[in-house]
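As given in TrEMBL:
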- 6-32: transmembrane segment (TRANSMEM)
- 6-414: domain 'TRAP C4-dicarboxylate transport system permease DctM subunit' (DOMAIN)
- 44-63: transmembrane segment (TRANSMEM)
- 96-121: transmembrane segment (TRANSMEM)
- 133-161: transmembrane segment (TRANSMEM)
- 167-189: transmembrane segment (TRANSMEM)
- 210-232: transmembrane segment (TRANSMEM)
- 238-257: transmembrane segment (TRANSMEM)
- 269-291: transmembrane segment (TRANSMEM)
- 311-342: transmembrane segment (TRANSMEM)
- 354-379: transmembrane segment (TRANSMEM)
- 394-418: transmembrane segment (TRANSMEM)
């Protein structure tokens, strides 16, 4: 892209225009400067979405919306409360464990922060926790959503580099659990003095009853992974199975879904999916222009001339992505930067699944990174204490998540152990 197109892109972003439209307008200028027909823009936007696996994205979103509408949020919370509610700072731990379970259903940090925040922030305030702390806790825990399968960012990364979606799904399990442990420990250390007295431990009968109620939402990620890993279905078909499962549960098991609500659920799901898809389409347009200018090859030659160590490359990649994630939406950053960075990773013999896990984890941490972290705004929308108050409370959680990122970067086995164990 020319300097003029890049300047236009930066200017539009600073003016607050959505990133997808900023990219399309900047690319339009780049196409005009080259004297190419404007029809190429529409063609490249269409080509960027012309892929069967991309259909998994709206289907997983729809499955999550259907399950949430069926009332499974309350069941997840009750299940988490039964197992960890008796601990010191129990309600904090319940919120984090609920996020881990909810992650296997929604695959979306924003959905996680919104659904659980509406329940936990008022409940934690009743027990004496500051609303700003509660909002920061839920925002930090929501990052687990896009890491544990089914993960929409993992699907998109797999499509970019043509890697196995199942491998990337499995690679996210251990880092996602480590995030949960890190956030739980940080929350305990931060707030233990303000926490109320622990509740009595649940009896075995109560635990069994909670497990029986919570098994319905917990089965969804099991079904998704089992069908994909068995080779019976593709990830897109597994997403369709998840939608069917959600419909059956909502209409015939829980009987909480109504036909009248389906249109609203479909509309909200497609609205969210369209936001993701238009970003993917616009970013693919940038990739086309960068590829025609041989930017990935030039960048790879430059980096390989100065960096020879794969660990050093991964650490530098982390720094770059953390800075970019402060200002640009994670999926857009991934679609634009991964085609540039991946050739270098290949040349340095970095495992593609390990690289993908590091990239996705990094960019999802950007969801709670000031000043543009989307989950910070979602949490503040529920807590209503002001964004500055949430930001002041988020730093310890952010440091804990960065520690997990560093561990996954330096110890590839944390990401690769489970896929390799299962033969991927």
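Glycine is treated like the rest: Cβ placed from N, Cα and C.
Averaged across the domain 'TRAP C4-dicarboxylate transport system permease DctM subunit' (6-414), the predicted model reaches a pLDDT of 86. Same-chain residues lying 6+ beyond the ends of the transmembrane segment (6-32) with a Cβ under 8 Å from its Cβ atoms: 38, 40-41, 45, 278-279, 281-283, 285-286, 289, 327-329, 332.
Of the recorded ranges 44-63, 96-121, 133-161, 167-189, 394-418, the transmembrane segment (238-257) has the largest number of C-beta contacts under 8 angstroms with 44-63. Simply put, out of 44-63, 96-121, 167-189, 311-342, 354-379, 96-121 has the most Cβ pairs sitting under 8 Å from the transmembrane segment (133-161). Highest Cβ pair count under 8 Å relative to the transmembrane segment (394-418), across stretches 167-189, 311-342, 354-379: 167-189. With a cut-off of 8 Å between Cβ atoms, the residues of this chain six or more beyond the transmembrane segment (96-121) that come close are 60-61, 63-65, 67-68, 72-74, 76-77, 79-80, 83-84, 131, 134-135, 137-139, 141-152, 176-177, 180, 183-184, 187, 214, 217-218, 220-221, 272, 364, 367, 374-375, 378-379, 381-383.
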